[in-house]
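Residues or ranges marked as topological domain 'Extracellular' by Swiss-Prot on the basis of sequence analysis: 32-439. What Swiss-Prot lists as disulfide bond is Cys295-Cys307, Cys301-Cys315, Cys376-Cys401, Cys380-Cys386, and the listing cites similarity to another entry. Annotated domain 'PAN' per Swiss-Prot: 345-426, in sequence order, evidence recorded as sequence analysis. Summarising the annotation, Swiss-Prot assigns region 'CaM-binding' to 612-629. The feature active site, proton acceptor is assigned by Swiss-Prot to Asp648, with sequence analysis given as support.
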Amino acid sequence: MRNVPNYHHSYFILFIIILFLAFSVYASNFSATESLTISSNKTIISPSQIFELGFFNPDSSSRWYLGIWYKIIPIRTYVWVANRDNPLSSSNGTLKISDNNLVIFDQSDRPVWSTNITGGDVRSPVAAELLDYGNFVLRDSKNNKPSGFLWQSFDFPTDTLLSDMKMGWDNKSGGFNRILRSWKTTDDPSSGDFSTKLRTSGFPEFYIYNKESITYRSGPWLGNRFSSVPGMKPVDYIDNSFTENNQQVVYSYRVNKTNIYSILSLSSTGLLQRLTWMEAAQSWKQLWYSPKDLCDNYKECGNYGYCDANTSPICNCIKGFEPMNEQAALRDDSVGCVRKTKLSCDGRDGFVRLKKMRLPDTTETSVDKGIGLKECEERCLKGCNCTAFANTDIRNGGSGCVIWSGGLFDIRNYAKGGQDLYVRVAAGDLEDKRIKSKKIIGSSIGVSILLLLSFIIFHFWKRKQKRSITIQTPIVDLVRSQDSLMNELVKASRSYTSKENKTDYLELPLMEWKALAMATNNFSTDNKLGQGGFGIVYKGMLLDGKEIAVKRLSKMSSQGTDEFMNEVRLIAKLQHINLVRLLGCCVDKGEKMLIYEYLENLSLDSHLFDQTRSSNLNWQKRFDIINGIARGLLYLHQDSRCRIIHRDLKASNVLLDKNMTPKISDFGMARIFGREETEANTRRVVGTYGYMSPEYAMDGIFSMKSDVFSFGVLLLEIISGKRNKGFYNSNRDLNLLGFVWRHWKEGKELEIVDPINIDALSSEFPTHEILRCIQIGLLCVQERAEDRPVMSSVMVMLGSETTAIPQPKRPGFCVGRSSLEVDSSSSTQRDDECTVNQVTLSVIDAR
């Protein structure tokens with residue numbers, strides 16, 4: 001007899017599934033007779049199941065919030081939070097419509113959040129609905145059009161701007177000044193320190209505030225992007241717009257393609273970033289972010305100064321201006337500049353054209369979008385208070401006019417992007433074109449004669465060389481044994497040593513030996529801050545009271561000159577808030593010294609591995625330090641003019657300023673990479689044991705992934721408070737990586753955390769954030785370089801709790817004791833013991 005399908009049984013199962021779904025979620029509508037409770041685990045879902053609204057508790061804490069997140073994206077990404085500053089303290093909260101308002105009630109039936117619509121504005125009955133573009137609205141139940149909206153979440157953003165959402169001032173909708181405010185931390189939705197605000201005076205622009213202080217300025221809207229965001233390049237699926245009229249001054253964007261999801265968010269560390277979901281990679285991709293480097297800091301170079309990240313010092317005076325204060329030893333242009341010659345205001349003044357610039361702060365400006373550049377110049381010359389002018393729109397050759405009537409500050413120069421800025425200067429500071437032409441002609445003739453003489457001399461020298469025996473000097477043998485960059489640096493240092501009084505090569509302020517001797521109390525041991533592989537670092541004070549750190553190169557070091565020239569060459573061109581700042585150098589009396597900014601809190605290792613000082617490093621400070629180091633490394637790998645591999649990242653090479661801001665230092669081992677290069681090989685393996693990647697320590701192969709490995713080791717050291725090198729666990733583990741990996745596999749990750757953090761945080765211990773950091777650290781120290789993430793991915797993982805993080809594979813140099821050493825009664829080794837090349841009895845440590 002044939003088997004007959006049991007259709008009744010199938011229908012019953014289908015009925016149960018439908019019934020379960022009905023009790024699990026709501027539709028997009030939410031009526032006055034319904035309620036949403038935490039205990040029921042019910043949610044409201046938009047019609048196309050793109051967004052979802054419900055209660056959530058980050059990090060499995062006791063704090064409950066009402067929020068909106070992407071349902072269609074597998075990673076939980078929150079885009080709006082209702083009661084961010086007044087969470088529910090238990091899981092007995094309820095959302096319901098009460099008195100024609102959306103209200104959240106706690107377990108005692110007390111309201112903790114409400115839409116606060118007054119009675120006169122409400123038309124009964126009302127309903128709530130979650131729309132497909134992420135807007136949660138309270139509306140007239142008989143009118144589902146925008147005209148029927150009584151309240152909407154889009155008017156009260158948190159840290160995220162969605163498609164069709166507005167940021168800025170909107171008097172049209174009732175006087176809303178919509179701002180973004182960051183989460184306090186990645187696991188705490190409460191209002192953080194950072195916010196975006198719009199200034200409508202002059203030429204409107206957005207500012208990022210850290211509490212009450214401005215940290216970054218977007219620059220004015222130039223028709224297709226903001227002046228200070230050159231990375232805000234047009235993409236085919238995003239339409240950006242900026243509306244400015246009597247009713248509103250707002251920025252918004254629209255994602256014009258289906259199945260593409262993109263957000264603008266303000267992170268808990270103050271980064272404004274554009275993220276787009278990549279379906280293939282199942283992760284958020286960071287398209288751009290701001291602020292990006294030291295030049296993005298607000299008013300970094302003072303009045304009439306401009307910042308250029310590719311020069312040293314980064315602050316420069318506009319032509320026709322000079323530094324406000326000439327310091328006796330080291331010049332500091334951040335104080336600003338002043339005019340060399342006073343304006344005449346009689347029509348003889350002219351303009352200096354600055355290309356590829358970020359426009360100055362536009363608070364004191366006047367705008368006329370109806371005239372062109374020529375009329376703008378004429379208008380500027382007629383008013384003596386006019387200091388500069390530019391186009392308001394850079395599209396189609398430029399149009400409109402903006403005129404500055406006060407000081408010019410917060411200007412920077414870009415390698416790419418930016419626009420022309422015309423700065424008014426006195427006639428005497430404008431070089432006559434005819435004189436300039438004569439100089440060029442004279443210089444050309446002189447150069448031609450010099451080249452001819454050089455050719456003749458070279459010809460006779462070459463003939464003489466053919467008759468002589470080639471002699472290889474010891475220094476040439478040494479040079480040939482080095483890699484290509486070191487060849488270049490040794491040659492440069494040799495040629496430079498014979499010309500110690502010339503400054504063209506370094507483009508840095510040079511100081512005399514006696515000035516540094518005086519500043520450091522004749523290099524007194526009382527002024528000694530520390531000692532590295534190539535010399536001693538002293539604390540010093542200049543005559544103007546400025547504190548400095550002086551790195552005095554050891555005369556006994558055979559490699560010191562190479563590293564000195566390398567460090568000068570690299571750091572002079574690197575400017576970032578998380579990189580140590582080089583102020584000058586000294587090549588005098590047979591000595592070579594570097595002068596850095598003095599950082600009050602010394603190196604990270606002096607705090608991290610000190611039993612007393614480590615108590616000052618709570619988890620939030622450690623997390624901020626981790627983020628800062630990551631940003632500095634990302635700048636070296638991706639955002640600087642030349643790609644740089646540090647090769648010696650470790651705790652002692654991270655310095656801390658008075659605010660505990662981390663700054664990567666010691667570039668003596670660093671290598672410059674071409675943009676197309678991915679890895680290089682060297683026969684001279686340098687670095688520090690405990691931080692070297694396997695491929696570098698064993699084969700001399702290094703790349704960005706080598707630095708990522710070092711960063712991973714450092715991250716795990718910061719979390720655990722233990723050194724990787726010299727770590728000794730008498731039971732099973734011979735290094736920190738093995739210790740962390742074993743606890744990770746056993747599900748006991750939190751046991752590796754420095755106990756000081758656990759004691760300090762007690763009930764508010766951010767478990768989820770720390771677990772993410774441990775996982776990121778393990779990803780960075782994976783044995784195979786291709787498995788490790790790049791630093792841009794690390795930054796995204798650190799900055800967003802919603803980003804998917806892969807499961808890590810075995811770390812490099814992860815070695816544990818064999819079972820014979822652990823327990824003499826056992827003759828077998830555990831299968832999950834992590835080894836390298838099956839060696840279990842040898843001590844193998846990351847170099």
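Each residue, glycine too, has its Cβ placed from N, Cα and C.
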- Message: Using other CB atoms within 10 angstroms as the count, which residue among the disulfide-bonded residues Cys295, Cys380 scores least?
- Response: Cys380
- Once near-sequence residues are set aside, which residues in the chain of Cys386 (disulfide bond), 6 or more away, have Cβ atoms under 8 Å from its Cβ? Arg379, Cys380, Ile403, Trp404, Ser405, Arg424
- Message: As a test of the contact definition, list every same-chain residue at least 6 positions from Cys401 (disulfide bond) whose Cβ is closer than 8 Å to its Cβ.
- Response: Val367, Asp368, Lys369, Ile371, Gly372, Leu373, Glu375, Cys376, Arg379, Phe389, Ala390, Asn391, Thr392
- Item | Cα within 10 Å of Cys301 (disulfide bond) - qualifying recorded positions among Cys295, Cys307, Asp648 | Cys295, Cys307
- Message: Cβ under 8 Å, sequence separation of at least 6 from the ends of the region 'CaM-binding' (612-629): give me the contacting residues as numbers and ranges.
- Response: 185, 269, 577-578, 604, 606, 649, 654, 656, 660-664, 711, 714-715, 718-719, 721, 754, 756-757, 760-761, 765-766, 769-770, 773, 795, 798-799
- Message: Quick check on the region 'CaM-binding' (612-629): DSSP residue counts for helix, strand, coil, in that order please.
- Response: 15 helix, 0 strand, 3 coil
- Task: Return the member of Cys295, Cys307, Cys315 nearest to Asp648 (active site, proton acceptor) in space, with distance defined Cα to Cα and candidates limited to these disulfide-bonded residues.
- Result: Cys295
- Note on the structure: So Cys376 (disulfide bond), by the Cβ count within 10 Å over all chains shown, scores 21
- Task: Do me a favour and check the Cα-Cα span between Cys307 (disulfide bond) and Cys315 (disulfide bond); whole Å is fine.
- Result: 5
- Taking each of the recorded positions Cys301, Cys307, Asp648 in turn and counting other Cβ atoms within 10 Å of its Cβ, which one has the fewest? Asp648
- Count up the helix, strand and coil residues in the domain 'PAN' (345-426) according to DSSP, in that order. 13 helix, 33 strand, 36 coil
- Rounded Cα distance, in Å, between Cys295 (disulfide bond) and Cys315 (disulfide bond) is 9
- Note down the number of other Cβ atoms within 10 Å of the Cβ of Cys315 (disulfide bond), including every protein chain shown. 25
